[in-house]
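Swiss-Prot annotations:
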type     : residues : note
REPEAT   : 52-104   : repeat 'RCC1 1'
REPEAT   : 106-148  : repeat 'RCC1 2'
REPEAT   : 155-204  : repeat 'RCC1 3'
REPEAT   : 206-255  : repeat 'RCC1 4'
REPEAT   : 257-298  : repeat 'RCC1 5'
REPEAT   : 299-359  : repeat 'RCC1 6'
REGION   : 316-343  : region 'Disordered'
COMPBIAS : 320-343  : compositional bias 'Low complexity'
REPEAT   : 361-410  : repeat 'RCC1 7'
DOMAIN   : 381-594  : domain 'Rho-GAP'
SITE     : Arg420   : site 'Arginine finger'
COILED   : 649-679  : coiled coil
REGION   : 657-725  : region 'Disordered'
REGION   : 746-789  : region 'Disordered'
COMPBIAS : 746-788  : compositional bias 'Low complexity'
REGION   : 831-852  : region 'Disordered'
COMPBIAS : 833-852  : compositional bias 'Low complexity'
COILED   : 995-1078 : coiled coil
Amino acid sequence: MTKKSQENISLPQGVLYCWGDKFSGKPTFNPLIPNICFMDNGYNHSLALTETGELYGWGDNRHHQLSSNKAITSIDKPIKIQVIPNQRVKSISCGGNFSAAIMENGLLYVWGTLIEGGKCTESPTKVDLLKGVTCVSIGINHCAVVADSPTTPEKRSVYTWGTNRKGQLGVVGDSITNAPRRVTLGSKAISVCCGEEFTAAIVEGNEVFVWGYNKSRQICSNNSDEIISIPVKPFLGRDIVELSCTKNYIAARSGVGNVCVWGSNEQVCRIGDDKFINFPNKIKQISASTSHILVLSEKGEIFSWGNSEDNQLSHKLDVNSSPNINSSSGTTTPTTNTTTTTKKSTLQFNNVYQLEGRNVLSVYSWGKSSGAIIEPGNFRVDIAESMRRKDNIGSPAPLFFRKLVNYLRGENSKAEGLFRLSGSMARCDDLEKRLDSNEIFPINKYEPYDAADIIKRYLKTLPEPLLTTQLCQKYEKDILNFHNNNINSNSNSSNPNNNNNNNNNNDKIENLILEWIEKLPLENRQLLIYLLSFLQEISYSQIKYQKQNAMGEKNLAIVFAPNILTRGEIGNDEIVEDMIRLLPTIMKQYPLMEDLIIIDQAQQCLRGSRIPYIIDHWIRVTKERETANNSLFKPEIIKTIINSIVECTLEIKNNQNNQNNQKENNNNNNNINNSNNNNTNNTNISPTTLSPSTLSSSQQQQSTPSSLTSSPSPSQRNSLSTGNIANSLSLSSNALFSPNFLSSSKDGNNINNNNNNNNNNNNNNNNNNSSNSSSSSGSSLSSSPNLSPTIVNRSGYSLSFSGGTPSSRDSSVNNLLNTSGGAIQSIQRQFANSGSSSNNNNSNNSPSLIGSNSSPALTFSNSSGNLIETTKLYEKVLALILSPVLPIGSIMKVLPSIFELDTNNDLFIRLLTTIKLVRTVRSNLDEFIQQQLVMIKEINQCSQFIDKAKQLNENVESVITDLLYVDESIKYWKQVQPLIQLYSQQIQSYFKWWFDLLEKSMTETEEKLFRAKKEFDKLETEKTKLEKQLNHLNSVTLETTDEQILLKKQFDQWCLINQIENCSRKIEISNQNLSRVNHDYCSIQSHFEAFKPHLLIVQEFVSIILKSVSLYIEKLDQIKSNTLQMFPQYFNAYIELIFTHHHEIKQQQQLSIIKSLAHSITLQHQLLFIENVNQSKYQISLELETKFNSLKRVILENLKDSR
């Protein structure tokens, strides 16, 4: 049992590796334990804490130390322990059969049995006498905490309770106490740590106090008393910041990162041997157990020494080495030679070599076991471990694997010999290193063959094969035997049962593969299906574009079989080929994988050259796999697609605007240089000598109007808009105005594409450092609504920006436009001044404004060819998921505006899911029927009928299908029309709400500006009047010598001067107020003008969408009305035509024509009089039905006779 002085748990979260007793001899990932940031161990139970404050426990529960309602002897898998609802756990401790947790509010809860034979606390119970608890530690039968003590000079003290047989409570006597008692230390307590039967504490100044059982001299090496009840200092001036206590010794860490151990333990330390141990690097954490110690350096190295009977040290040692004692410095420096593996005790530290290079977060030792919390790795670790990374949770494969896969999509999928030809070894090593370290970098500099090699290398170097060794041994031979049976059957061509045997074998192969996949661990299964789906993509692309040497399913199976099946085996590639072939069947069993794969494709492939590839892929797979067709229309899929389209569209627009701004800035700089050359004799250039077009953006901002008493000029408004607002305007933390961003898994897009865009952004940023580019954007406000777009970073968490523009490593866009302050603050001030108390109650009902100066529409110029091309591709993407009833162009146009208000994002997604792609009726059905009727009437001879029979049948079937669907379609669109109206009008209402709010704010601020200007003019007038009076008084010469008159004049002068000075101060204050109000007005005006086009576009969109749905319903009603009159005539002509020529066709023995007629008429009968009898009775009279049935009987008899 190990106890550590732990004040607050603020460690990063990772996976748990264990080694030693009951574990393997080397550090091994423990998949049963969730991601944790801290753990502690009692005698036979353990507690673990996550970074979100959730508590887990496992082990012995006979004393309810796991807080389980049932006294289960042992719990093997971690269970979640709820201390109190809606409260996070901040720190934990367990010892003996007792557990404790400090909550985030500083209260302490305990459960279990603290004192042997004492009362058992079955559920977490608050310790009432303690508040402000910061640290807790538990021994065998006693507990110690650091808590607030406001009535003492120290203000924070150590409190103990439990048994005191060995003096561990810090008071005289051996009584048992159940109530916390304060221990007198004389200084403010920082942390506390319990050994089995003693207690240690660190106080202010990093001094150590120890008390309790001293048999091993761990309390005081020069005191032979077995029990020391009064706290004593074992030494002075050691600067101790962390303690770890066990049964008979204490380990301590100093502030400079050295370790000191004292007490008596022949495997770790000896009495009197309390010198500091120096390590190659500074130590940041220690953990001591009964017989060994682990320490962690700042570089992530683990050093250990002590007993290694159960391989708990896990390192190699030279058994002949011994510590080197430096007598001059008083320190011990053990040697670090490693030659052989040993299980003997050693006082020499060495590193745990199996974890070299891993990012170790914390270490733990207990009993004869060791553990470490480690950041989940990528390469050469279990798949289950790598999927514990934050960026992999909820994904079908590790992030780096998905990046490689997406890089190989598109044009790279056509590379000849992909996965067969090798890449550069040096590039592959570099690529693996960068992926393993989670570096964000452009992958385009690597060849497709390099990425393909890394995929194979990753699968090959997994600790065990993807399909697991155990399952490979169980299924591989059986499946291969069935394949051999097929080969033997095919070689024996004389056997008439070959086909049946092969079918039986294939069924058995399919069943075995499905059973195999079902038994795989979840992470392995998801990665396998993701890989099979990708290999199927590569196979299709290779066969389509590589006529020779294409990497089809067979060739890919040959390459991948050694990497995912039994290693070293050959001839098992047929199994992988079968798995690729069975992908549609596999997807039916695991439809969620289809969702995850499409989401991944939508996030990564809807940009650049991969857009046509993914469109073609989605069209193909939706035809091949029903699961893909179903997934593509799910709300979360549509939401992901829309998010990706908006982000990429705004990204492209932003890059183009940046390029245009850069060119404009360069031209402006050239103009300024020319102007400077023309005015070399002038030391100062007045702003009035330069036109606004020749001023750089920075100069426009620095030049101020000579008088603020007048309204700002357009150029001044531009200088105050966009760019300045981006840094001065900030959305308040008030819920009414705080922006909430949509989440999407746009993880590190820099790694795979848009290299050129990123480089352009970087160049633009560098070029714009010397001059503010905001004026260029601002100038567009007065010219057109085509503004610089807001690039919204949508990461895994909601973001709220205030102040300066933040930087994000997850976004491929370097500049995030930030809205803030003036407009919104002004609005808030108005709400505050109005004394409204309902803001908090209504905050959730008010929309939040995301962007201020973003592009209200995608307007294209000759220079935006890339955007035009991309937009056309996006329209094709939307056409895959949205109904053609609504114009896709209108949707693309409104997208940037929709994402201006975060409240509308969800509404817009709901709207799109409502109008998702459903079957539509032919818009010119009545005209088509009329054309077919004319064609039937033109057929006079049997030869003509034979030539057109197939086309006639298909057209009749198509007309019947559309005709019967008209009623269903009308019903569907009338049902969804209110929802469409609700969502679209609600979107418009939010925009109108913001528009009205901004307009109102602008009006009120304009009134404030007028009043401020009026006040300023009034003060100026008053000052001028006083100055005139003073000048007049000064000009009057008094010829009298009367002292009283002279003194009165001086007094009048003094009064006027003071009044003028007072008035000047008021003018200065008024001028500042006028400047502020003027700036707010310009900001709100800019915001208003930027938002106005968005409202117009949204209003236009809502009008179009409502009108489109209404017109479509009207069109359906018209089609229904027209076809009710035309279809009977058309269908009767079709029947009469067949009656006219069927006898001649029979005589000519046109068996194919008779079969075609029989099949078509049977299908028509099924549609009209079986499946849709209720609808068809409105279109077909009883007489026509009788005639059709007669025709059916005749054609079927002809078919029977012909056979």
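Any Cβ shown, glycine's included, is placed from N, Cα and C.
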Restricting to the same chain and to sequence separations of six or more, state which residues have a Cβ under 8 Å from that of Arg420 (site 'Arginine finger').
-> Met551, Asn555, Val559
Positions on the same chain near the repeat 'RCC1 2' (106-148), where near means CB under 8 A and six or more residues out | 1, 3-8, 42-43, 63-65, 67, 69, 81, 83-84, 91-100, 155-164, 168-169, 176, 179-180, 183, 189-199, 201
Could you give the number of helix, strand and coil residues in the repeat 'RCC1 4' (206-255) as assigned by DSSP?
-> 0 helix, 25 strand, 25 coil
Helix, strand, coil: count each for the residues of the repeat 'RCC1 1' (52-104), based on DSSP.
-> 0 helix, 28 strand, 25 coil
DSSP helix, strand and coil counts for the repeat 'RCC1 3' (155-204)?
-> 0 helix, 29 strand, 21 coil
